[in-house]
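S.K.: According to Swiss-Prot, the Mg(2+) binding site annotation covers Asp543, Asp545, Asp547. Annotation comment: Swiss-Prot describes Cys1017, Cys1092, Cys1099, Cys1102 as Zn(2+) binding site.
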Amino acid sequence: MNTKVSRQYAKISENSIQKISLALATPEDVLEWSRGEVHRPETINYKTFKPERGGLFDELIFGPLVDYKCSVCGRKYRKSNENQLCIATKECKIRGSRILSKMARRYSMGHIALNAPILHFWFFKIDHSIIAKLLGLKVFEGNSKVPTTITKAAIENLIYYKSHIVLETGGLKSLEQNKIIDISEAGLIYKNALIEIIEFYPPGSEEHNALAESISELADVTSSKIGREYGVDYYELNEIIEEFSSARIATGALAIEYLLDKIDLRAEKAAVEAELAGVQKQIYKNKKIILKNQKRDKLYKRLQVINAFINSGQDPKMMIIRNLPVIPADLRPLVQLDGSRHSTSDCNELYRRIIIRNNRLKRWKAAHAPVIIIQNEMRMLQEAVDALIDNQKKSTNQVTTKEGRPLKSISDALTGKKGRFRQNLLGKRVDYSGRSVIVVGPKLKMHQAGLPRKMAAVLFEPWIIRNLIQEKKVGSIKMARKMIEEENPIIWPHVAKVIQNKPIILNRAPTLHRLSIQAFEPVLVRAKAIQLHPLVTAGFNADFDGDQMAVHIPISPEAIRETQELMFADKNILGPKDGEPIVNPSQDMVLGLYYLSQEKAGAKGEGSFFSTYEAMLKAYEFRSVELHARVVLPFEQVKPFIAKTMRGHLISTVGKFILNNIFPANFPFIFDDNVDELELNYPSQIKKYVLPYGTNFREYIQNLKVNEPLNKKAIAKIVRQIFDTYDGLLAKEDIATVIDQLDFGNYQNCVLRYEKLRDYKKQKLPVPHLSKLSEFTIFEYSQLYKQLQQNGPVESYRVLEDHEKAELLEKIWFKYNNMVCSILDKIKDLGFHYSTLSGTSIAISDIKMAPKKHEFIKEGENYINKLNTFYAKGLITDDERYVLAIAKWTQIKNDIQEDLNQSIKDDNQNSLVMMMKSGARGNISNFVQLAGMRGLMANNVKALKVDAENERVVRSIVEVPVKSSFLEGLTSFEFYSSTHGARKGLTDTALNTAKSGYLTRRLVDVAQNIVVVAEDCFSDFGFVVKDIIDTKTNTIIVPLLERIEGRFLNKDVYDSRGIKLASAGTMVDLQTAKKIVAAGIKKVEIRSILSCHIKNSVCKKCYGKDLATNRLVSIGEAVGIIAAQSIGEPGTQLTMRTFHTGGVANVEDITGGFTRLIELIDSHEHPWGKPAKISPYYGIITKISDLAEKNAANKGFLITIEYKTSKNEKAEHIIRIEQSQKLRVKVGDKVIPGQKLVEGPIILKELLAVSDARTLQNYLLKEIQRIYRMQGISISDKYIEIIIRQMLSKVQIIENGDSNFFIGSIVDISDYQEVNGQLISQNKNPAFGNVIVKGAKQIPLLSNSFLAAASYQETSKILVHSVISSQIDKLEGLKENIIVGHKIPAGTNSNYEPKSKFDIRNPLSFFMKNNR
């Protein structure tokens, strides 16, 4: 049942909330919320420290300080008496004391009955004054026929009693309607008004004499010094004018209230729409009228405010406060410090000022004080209420502490990082959590983490206490708690017992992406540090140099199940960013595997034959054969599966036999570092290493080429292929169906039942999966059989209990899903073991000097001397000399690097070289600095925008390089230069991290509500993709293969012979993608997020493959957040140095790096550098001529484009280009709208204006991809598409037709299409609008959810507009549901499909009788 609840919010459950709406609170609403009036400014009694009656902490109003204690007589009650009235004494009955818990102090409100109407600060200060827009006051000054609009500042002066306004002219010509009377012109205006009024009365009459006297007094005052300085007495004159005429002049909130009461909103709307139509016509006639555009924008905003009040049906007078709510006492606490001192919330001081001024005003009114004193008190009261509402926004008279700090008002408590939204609603402190330093846990399994037992004892305390009491180790909770605190040895077995099947969640800050939070099975360790598996560190971006991690405990059964099924480390093998494994071995492990897989010609024991693998190991242990020696084993000993088809002996090193032994029997044998597509290349590769019986082994091996060992990249490829081969293909439900059919008599034949199952692609299970599943099933059944036999004989046909089946299912399911991780664990163990055995250590003698270094340095110095000579002769400029010098030293360093590369090419025993070649640590660049030269250093120069626009050389690199290497040692200048450069790197990184974090936050807000919600949206619009090519360098940025793999086709794909390669509606897998590219196809039309028809969400087919699971995305996946994290997480790696070449600020520099990314995502109107000129038409370049002007600085070109008009007539368009801009076109070139004519960044709004949304989408996608790919970071297109879709998701209405939209409003594109569809179906006029591009900063503010928008930025502005329009938040997105305490509408709380990753039912449910 849907019930509208608008009062007593504390009494409803947050789970029952379906919608939230904001509205203006009426004085009656405030009285209904309130439990009493606060009329005294006191807080607590200074002697007793008890709250004062009628004060800001009154227990009768705000609730008791002690649970269920009467606030009047002090009598204590039970919880069962809650909400009853205390009747213990007569005073209790009179005061109506209610029995409540102290929690009431968090939601019980009071009120202050104001003795004067006060205008709510937000409505005249936020967003250029809502009141000014609503009233739209205009006045005809003198004889002018064009009215002057009264400004926001003039209305503020009116509110603060600094000026008066003519509310009614009373037929007086000297008074203009809405005229603001300032102190400077008051004397003249009042004089003219009185002269006009006196004419209505006959001379000699009482009225005439009184008016004549007033005119005489006014003349005396205005001519006197006091009158000129302090002005006239407004109030006396106003009374005279109102007494003798029907004119009315007023000031303050009363004047505004009068104006709001008189306004006719519908008439105002009609007038504004008529004026808007006139302005629109003028703009269409002449598009260059900038002032008219500004006027139109002002009218749009005014219309928006008027429409808000009309549609919400609210009375604008409710913007005036008569009863001021007082927030609950516990939300503005008074805390006792040491001794008798107290610390209080700033709000209490602000409330106190209001009460004091309000009470004083009441006394002045009662004493009939002069009007001027009362008006002054009302102004002070207005200022006091303003300070309470929003002290920071007050331009003057901010209320400050003694130290000068502005007090925090209610608005400040909402906004910013420390405000209610971000500090208390979106981010909360979590109980059952702890943190500690992390250390490596090399012996852990991948799903395990080492938890210090002291932490476990505290985190799992309630369970341990229950266990101790159940087993009668203690008699009470208190004793158990004491035992845990004292760390009594009795507790440790119970701690170990309690943590079974209780996963823990580890989080490392900064949580940049979802791999920063993963779940593990806890393993108790005696140390105080958390042990972390070495392979998962990459996901957390953790190292062991003092990093700390937080631990959290999921408590409810649902949370535990979700943690185990979705968050365990074995479910997070692929990185969501690019779909590549993130658990690749690194450092020690890589070094160990590199050492293990090395081959050495002529090593001890080479050519030896061993009949078994164990015999080979024994020989290696007895040192009769070396690890790197190539030996021979019978084929069936190594690969028994293939031995049936291939006979003979296999050649490899001892190390490689050991390495291959850890892989499953049906995984291809790894012979060398050529590990691409092992399955496909296996038959051709294996022939070289298989010897028929009777071959001379030693002779054959001597002629065999020595293979390269496995480096980091090769190992990563192997890991990927392990994942592709052994990642689970079945759902839990499938395995449950098999278990349900098995008993102790037939479990040995389980493989027959598994053969009948089909994987998620509807295909038969591969042999590796069948063999492993049957192996796990047979093992678990036999274990259970043995266990049951201990209690007596077990019949083979015995039917298993449901709980036994569920237990079997859990064990088999875990092993099946853990296949990849178990192999990775073996790789890890092997890597660590052999890196230790390799004995790798480094000495200074390992660094080999570059042989030709000094020759290259000499060459560079000679070149620089020549440059200096040319410069001295005036043949080159200083800038040219600098650029050439930098280029030369860069080339010299590259030459030294190449020379070093050649010298260490065959040095495989050098430890440093081994580390570098294997990819364990360091690269050739580090080696060059050690053994060659350090090279050029960064210079800390501020690059200005004007430098980029004028293409000046920015000297961001020190001209003199560091010629020494670290081996030789640096001179004092070189040392200084080095530290200077290093420091710049550190500061850049620190600044970059903060900017990157802010970018991620904005992106999350942009895309947070995008969730996969449907199977198919049936869109027939596609998105044509091709290689993304950098047109400047003509290099491929993103190949077609990457862009189509994992996406659905929108149209059939045919090769040049007309043979169909793939059908529309099918997902392109890697093999199909390779086939399409091999056929020479350049363009493919795919389903895209940019064309998806689902409102604010996306369907499975438009999204395609989930990169984190390597299969089709599941319904419920929060792809918007994944996209934001994937783009934001590598942001820190993007360089912030705009001019990283140190040369001329050319286009390549300007368009690279973090700065350019921010420009694109925020849709900057003034990008860094000189913007590119673009073609506005389809046409041909007919002429490029020099622009000859007298002023040499204005030289440039004129590009003439010939195009056809709508009437098919030829026309010319001339574009002026500055001389410094580089042309990208020549005469005769065909151009299309949006095409660059010169180098430089394109302004997004301009591109959208001359082309269409699809062109802009392609441009953004290409530019963002280029920025990341230049840094070697690969991000999937689909993530960028999600952000681009949001950037282009709004339409600005230019004609409203028969719709309810108003001209100038910005609406969601899906709402626009929906409304227009309905209008067209009813034969009505549709609305017309233009798609607009908005940056990531503005999109969240335009959200349909005011909660999501207000929690992002500009909180007060969002709330003001939501209040006046009475906006309804339907709680559709993720943020708004978190704010109200709901589960998010994604993942396990979405309408997921059966057998999907989010279908995490209790295993028992698969075997329940009613489930069959």
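Glycine is no exception: its Cβ is also placed from the backbone N, Cα and C atoms.
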S.K.: Name the residue among the binding-site residues Cys1017, Cys1092, Cys1099, Cys1102 whose Cβ has the smallest number of other Cβ atoms within 10 Å.
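M.R.: Minimum Cβ neighbour count within 10 Å, taken over the binding-site residues Cys1017, Cys1092, Cys1099, Cys1102, occurs at Cys1017.
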S.K.: Among Asp543, Asp545, Asp547, the binding-site residues in question, whose Cβ has the most other Cβ atoms within 10 Å in this structure?
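M.R.: The residue with the most neighbouring Cβ atoms within 10 Å is Asp547.
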S.K.: Measure from the Cα of Asp543 (Mg(2+) binding site) to the Cα of every one of the binding-site residues Cys1017, Cys1092, Cys1102, then give the nearest.
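M.R.: Nearest candidate: Cys1102.
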S.K.: On the three-state reduction of DSSP, what should I expect for Cys1099 (Zn(2+) binding site)?
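M.R.: The three-state answer is strand.
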S.K.: Say you check the Cα of Asp545 (Mg(2+) binding site) against those of the binding-site residues Cys1017, Cys1092, Cys1099; which is nearest?
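M.R.: Smallest Cα separation from Asp545 (Mg(2+) binding site) among Cys1017, Cys1092, Cys1099: Cys1099.
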S.K.: Cβ within 8 angstroms of the Cβ centroid of Asp543, Asp545, Asp547: which residues besides those meet this for the Mg(2+) site?
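M.R.: Here the nearby residues are Ile438, Ala542, Phe544, Gly546.
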S.K.: According to DSSP, does Asp545 (Mg(2+) binding site) sit in a helix, a strand, or coil?
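M.R.: Looking at the DSSP assignment, Asp545 (Mg(2+) binding site) belongs to neither helix nor strand, so coil.
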S.K.: Compute the mean position of the Cβ atoms of Cys1017, Cys1092, Cys1099, Cys1102, which form the recorded Zn(2+) site, and then list in sequence order the other residues of that chain whose Cβ is within 8 Å of it.
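M.R.: Near the Zn(2+) site, the remaining chain residues are Ala1014, Asp1016, Ser1019, Arg1087, Ile1089, Ser1091, His1093, Ile1094, Val1098, Lys1100, Lys1101, Tyr1103.
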S.K.: For Cys1017 (Zn(2+) binding site) and Asp547 (Mg(2+) binding site), what Cα-Cα distance in Å is obtained after rounding to a whole number?
M.R.: 46
S.K.: Three states by DSSP: which one describes Cys1017 (Zn(2+) binding site)?
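M.R.: The three-state answer is coil.
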S.K.: How big is the Cα-to-Cα gap, in Å, between Asp547 (Mg(2+) binding site) and Cys1099 (Zn(2+) binding site)?
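M.R.: Counting only the Cα atoms, the answer is 40 Å.
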